[in-house]
Amino acid sequence: MSAATARATNTDFVLAVEGLTVSFEGFKAVDDLSFYVDEKEIRVIIGPNGAGKTTVLDLICGRTKATEGSVKFRNKELTTLNEHEIVRAGVGRKFQTPSIYEDLTVFENLELCYPRGRNVFGALFFKRDQKVINKVRETAEMVNLLDQIEDSADLLSHGKKQWLEIGMLLIQDPALLMLDEPVAGMSVTERQQTAELLRRITADRSVIVIEHDMQFVAEIADHVTVMHQGKILAEGTAEKVKQDPKVIEVYLGH
Amino acid sequence: MFSDYSATELGSIFAMQGFAGLILFAVFLLMALGLAIIFGQMGVINMAHGEFMILGAYITYLTSNVFADYFPALFGGYFFVAMVLAFLAAAALGALVEWTVIRRLYHRPLDTLLATWGLSLLMQQSYRSIFGAREVGVEVPDWMAGSFQVTDFVELPVNGLFVMCIAVAVTLAVYLLMFRSSWGSRVRAVVQNRPMAGAVGINTAKMDRMTFALGCGIAGIAGSAFTMIGSTGPSAGQDYIVDTFLVVVFGGAASILGTVASAFSISQAQSTMEFFLGGSMAKVLTLLTVVIILMFRPQGLFTLKVRK
Amino acid sequence: MTMHKQLTTGGATERWGLGKLKLLAASMVLAASANAATPPTSEVNTTGLAVTDDTVNVGILHSVTGTMALSEEGSVQAEILAIEQINEMGGVLGRQIEYIQEDGASDWPTFADRSSKLLRRDNVAAVFGCWTSASRKAVLPIFEQYNGMLYYPTFYEGLEESPNVIYTGQEATQQILAGLNWIAEEKDAETFYLLGSDYIWPRTSNKIARKHIEDVLGLEVVGEDYFPLGHTQFNSSINRIRLKKPDVVFASVVGGSNVAFYKQLESAGIDLVDGDMSLLTISVTEDEILGIGGRNIEGAYAAMKYFQSLDNPNNESFVKAFKERWGEDSVIGDVTQAAYLGPWLWKAAVEKAGSFDVDKVREASPGIELETAPEGYVRIHENHHLWSKTRVGEAQRDGQYKVVFETQELMEPDPFPEGYQ
Amino acid sequence: MSNFSLSNLMTRQDVLGFVVLALILLVVLPLSLDVMRLNQVGKYLSFAFVTVGLVLCWGYGGILSLGQGVFYGLGGYALAMFLKLEASSPENTSIQSTPGIPDFMDWNQITELPWLWEPFHSFGFSLLAILLVPTVLAYLIGFAMFKRRVSGVYFAIITQAISSILTILIIGQQGYTGGVNGITDLQTLMGWSIRTDYASYVFYFVGVALLFVCLFIAQFITKSKLGRILVAMRGQEDRVRFSGYDVANFKIFVFCVGAAFAAVGGAMFTLQEKFMSPSFVGIVPSIEMVIFCAVGGRLSILGAVYGALLVNVFRTVLGESFPELWLFAMGLLFVGVVLAFPDGLAGVYQKYAAPTVDRFLDKAPLFRRWPSSTSHSEPIKAS
């Protein structure tokens with residue numbers, strides 16, 4: 001057992017990542033990483049391409065299995081769980097490119113993520129009752145898609161697909177929300193609307209965001225973690241990391 | 001099962017079966033190489049692979065007849081001509097198939113399976129209409145008949161050795177072509193990132209066609225080589241298809257080395273078990289083992305572990 | 001493929017009352033030309049078979065497509081030849097035979113499907129067909145349910161005796177026992193190795209062979225080996241044979257496997273011509289040698305009832321007619337000849353019964369003789385199999401067999417042999 | 001369960017489709033065909049059980065199984081074993097060395113009924129076995145593969161290998177299975193002859209009834225949330241995991257359903273063909289069934305029935321008159337369907353005929369008020 005795993009103890013944090021390491025054919029994409037996320041904190045991870053940001057999210061949500069280290073969500077070890085178990089524990093994940101069900105309508109997309117009837121027979125005999133309908137409509141309204149609730153999801157614009165995906169996470173009501181570049185490829189208006197949306201939905205949960213847009217980062221972040229070559233380069237408020245000479249060198253100093 | 005044999009006998013048995021397994025290994029390898037390129041590199045599930053092999057076999061048959069009738073003096077060497085012709089014919093047909101059918105299906109891999117199955121039916125019935133339903137025999141040149149006596153028990157048939165040589169030569173050629181030539185790196189570039197390869201000026205459509213044709217051409221060579229040890233009939237191709245796919249999948253689809261290793265292990269396992277358990281049970285056990293291993297290691301024996 | 005199908009009477013004309021007129025006209029013509037050879041249809045056909053005043057329909061049911069097509073092609077040719085010859089001689093009971101050919105497509109359920117079509121839709125008077133045991137087993141319930149008559153040409157495992165089948169090939173004991181006796185004596189053989197494709201016929205044949213070798217001849221079986229149908233890698237078995245060094249290999253390998261087996265045997269240095277080991281096959285006819293190549297099998301012995309090279313006048317004219325009809329390159333194997341017997345045996349039975357009715361034909365069948373059979377004389381046994389001689393042939397480089405032995409007497413067919421089960 | 005009313009389960013097009021199919025199978029065909037042809041149609045319909053299952057597995061679930069013949073065969077064999085034991089009473093088999101066991105066992109020097117066969121003396125057990133043996137096997141295969149995330153092409157190839165294994169086993173173990181000949185010479189079912197025309201009629205209608213049971217189950221599945229999860233999985237498997245579903249379980253479920261359907265089809269085939277042989281277990285029939293499904297439309301359960309029916313009728317018609325052309329036609333059909341009509345006959349119908357039919361239904365009094373889609377047009381309103 002490595003020192004990293006030994007360090008992992010129970011904490012008050014929502015998320016405690018300790019000694020997390022993953023290597024692909026000897027290449028360490030994430031190298032002995034530790035960080036902690038507080039209740040209701042908005043944490044932004046930045047870093048140059050290939051720094052390992054997306055891999056960190058993959059490791060937390062179980063998409064990639066860690067080589068070493070621990071990820072604890074409310075003191076529950078996640079590295080041994082499957083994706084769906086992690087989701088059910090209360091972790092939601094949005095992908096970099098919008099990942100929605102294009103063959104289904106907006107309503108069905110949201111309904112599918114409603115946390116009920118998640119096993120085979122539950123799904124088979126799932127009943128679309130008023131409670132579900134109300135919740136779906138409520139969520140659709142929150143992500144500005146109520147007008148298009150009957151439309152097939154593949155007809156949505158790129159930005160609206162991003163919102164739909166956010167909506168699909170919200171309806172799961174996760175305690176920890178992880179967003180991978182939520183405003184990438186959006187128009188300026190959409191970007192503002194998204195920032196506003198994020199502020200609303202992050203009010204009562206912890207959030208990890210990966211983002212490049214520093215203006216956007218400054219707008220939303222409580223804490224910023226800067227990653228470089230699989231390790232943490234700096235950590236602190238947006239203002240503080242902006243001043244950090246190491247950060248300027250590898251990331252901002254171009 | 002070993003108790004029926006003495007220790008020296010057992011030694012000989014394993015040696016003999018080892019050699020028998022090597023011939024089987026050569027057969028598997030030749031069958032699988034073409035498919036490893038088509039399936040492994042392009043992701044096309046070519047169910048007509050066996051029929052391309054049979055095309056090679058029929059070309060060999062025709063060539064041997066032509067030589068016997070018109071150039072009897074050169075008969076001993078007809079096989080080399082036949083192999084080249086088999087390659088060219090199968091490759092040409094492959095290119096045609098790619099152009100008419102396969103290129104429309106690159107984004108639907110499972111559908112290539114159905115379309116090529118249809119193709120295999122067409123090819124089978126064409127063979128039957130052209131060459132008749134009967135199996136045709138190919139006259140083996142004299143120098144290829146007979147065998148070398150190694151020990152009392154161990155005897156190496158010349159045609160088996162010859163098939164092994166072809167297998168080794170084709171494997172080397174494929175390896176050099178795919179991994180040591182600029183053509184090969186372009187093929188791999190297309191496989192890994194089609195739009196990017198197109199953007200840097202590679203004619204991806206042409207590369208696809210040539211890659212597919214190459215795979216089919218190798219199948220043609222394999223079929224040609226098999227006439228030395230087996231039979232040629234219109235539907236013989238179907239017998240190869242399960243084995244061929246298993247060898248490729250077991251080896252790890254994208255790896256030539258994997259294909260070699262998997263052909264080797266499957267053939268040796270089958271050959272050794274065959275001696276003690278008989279053909280049917282050996283086949284069942286080999287297939288079962290491969291399936292079980294694949295359940296635990298779906299990516300096959302050899303593969304690069306990459307970030308998803 | 002040829003469809004010699006013709007409209008049967010009835011249909012629309014009947015509905016409008018025209019049928020009666022036609023019938024009247026027909027019977028008048030009949031009355032005028034009536035003679036002994038052409039008895040009226042109402043007499044010779046009381047069960048609604050497709051028999052008219054001048055034609056009778058029969059079925060030919062073999063695989064024209066699929067893996068079995070190569071084996072069954074010769075049977076189709078022989079049956080057509082026999083039908084044509086019979087028609088030339090004036091047909092059966094004054095009626096020309098018209099055949100409806102169906103394709104079993106090498107698929108047993110298709111055989112069943114097509115046989116029910118032949119019997120129920122086409123109402124054929126007899127069916128010549130099937131090749132593999134599996135296809136015969138598949139059609140058997142249909143022939144029994146709808147009371148059809150099947151002439152089955154292939155040498156087979158026995159263990160069957162259906163009232164609705166005439167077996168024109170040999171059953172296993174007829175083929176095997178004489179061959180084993182001969183080779184044991186001729187080659188002073190003491191040890192045997194049994195080898196076959198993995199299905200009922202080789203297994204039953206080897207069972208009979210083993211009993212005969214061990215219990216009757218008092219010799220030894222040193223190995224027994226089966227491979228899946230379509231198997232093409234025989235190096236393991238050949239190695240085992242080399243290890244056991246039997247005097248005789250007794251082989252019942254079928255289909256495409258044959259080609260690979262003999263090629264690999266030859267290249268493994270097992271010399272059938274001058275070597276110490278002999279090989280006796282019961283599955284390789286001249287048809288198969290076409291694919292195997294004469295040189296690969298030269299020196300092997302086959303035990304069967306017919307070889308193309310049989311020297312008798314019947315066979316001479318048969319071979320000549322066959323080659324005239326189907327080309328100089330044709331070869332004729334045991335099954336092809338047995339298939340040729342089918343229409344002739346049926347004709348003889350119909351004429352003896354004076355009727356096409358299946359029940360009457362069945363009743364008339366036992367005891368029917370054929371003096372003109374290419375294999376010599378045959379006679380139908382009570383058990384619906386044929387009395388026939390068994391021969392041993394030695395395979396020659398040119399793809400023919402040289403007959404080296406022939407039983408004195410006709411062998412009695414014994415589909416359920418006592419002591420061999 | 002109020003929301004499982006018929007109007008939620010079926011659109012009016014679906015209702016029309018079911019009614020038309022029922023009319024064709026229960027009225028038109030029995031009235032227009034003689035018993036021999038009807039029996040043939042019955043056999044083709046036994047493949048429809050498989051293709052309906054394939055619509056669920058492949059069309060909806062994205063799981064292409066090239067081993068459906070395994071389940072079809074097991075279902076058929078389970079029933080054939082029962083019928084064979086009934087046909088092998090000591091009186092019927094008195095000429096054997098061991099009377100009372102199936103004839104092929106006797107030929108293979110087996111002198112005692114193998115333990116595996118013993119329970120098939122019971123009709124109840126045999127019926128259970130028809131359903132359970134294939135389903136349990138499907139569960140095991142599905143569990144082993146889907147939990148390890150074997151999917152797509154690899155799953156197809158492995159199932160193909162499994163069907164190849166089972167074929168070799170059945171042929172190789174002929175003392176226990178009847179080998180390449182299969183289990184033949186079946187006579188009676190509970191003392192009642194299955195070889196009469198009357199029996200053919202009965203089996204035909206029983207087959208159609210069971211097919212409709214399967215169709216209703218399939219319809220229910222596709223219209224449930226489970227159906228939507230399958231559709232979602234096909235495109236975005238990962239996303240479904242991150243919506244909190246254990247993807248493997250859903251795949252195992254539809255694979256098992258498909259296997260159970262196939263098994264029922266196999267059993268119906270045994271009854272109508274009166275024998276069962278390994279030629280249905282191998283890879284060729286398994287792929288053919290996928291083709292039937294593709295021709296009918298991989299996304300339409302009704303299309304799958306027509307696919308199985310039409311391809312086989314086509315095969316019989318061509319095969320009876322031009323056997324050499326049959327393989328050419330079949331080959332061209334496959335290539336053509338894949339290239340030009342990936343959604344099969346059902347796709348063609350959807351594109352060209354459905355709008356017209358819909359307009360017509362708007363006017364038809366019976367259908368006017370039936371919803372034209374099952375998705376939430378009315379229940380979606382907020383309260």
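Please read every residue number as a count from 1 along the shown chain.
Every residue, even glycine, has its Cβ placed from backbone N, Cα and C.
Automatic, uncurated: that is what TrEMBL annotation is.
Database features (TrEMBL):
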TRANSMEM  D:15-33  transmembrane segment
TRANSMEM  D:45-67  transmembrane segment
TRANSMEM  D:123-146  transmembrane segment
TRANSMEM  D:153-172  transmembrane segment
TRANSMEM  D:198-221  transmembrane segment
TRANSMEM  D:242-269  transmembrane segment
TRANSMEM  D:289-313  transmembrane segment
TRANSMEM  D:325-342  transmembrane segment
Best-contacting stretch, by C-beta pairs under 8 Å, relative to the transmembrane segment (D:198-221) and drawn from D:15-33, D:45-67, D:242-269, D:325-342: D:45-67
Listed stretch, out of D:45-67, D:123-146, D:242-269, D:289-313, D:325-342, that has the most CB pairs under 8 angstroms to the transmembrane segment (D:15-33): D:289-313
For the transmembrane segment (D:153-172), distant same-chain residues with Cβ under 8 A (at least six beyond the ends): 63-67, 69-70, 73, 77, 141, 145, 178-180, 278, 281-283, 286
Stretch among D:45-67, D:123-146, D:242-269, D:289-313 sharing the most Cβ pairs under 8 Å with the transmembrane segment (D:325-342): D:289-313
Contact yes or no, the transmembrane segment (D:289-313) and the transmembrane segment (D:45-67), 3+ Cβ pairs under 8 Å, gap 6+: yes
Same-chain residues at least 6 beyond the ends of the transmembrane segment (D:123-146) whose Cβ lies under 8 Å from its Cβ atoms: 67, 70-71, 74-75, 78-79, 81-82, 155, 158-159, 162, 190, 247-249, 251-252, 255-256, 258-260, 262-264, 266-267
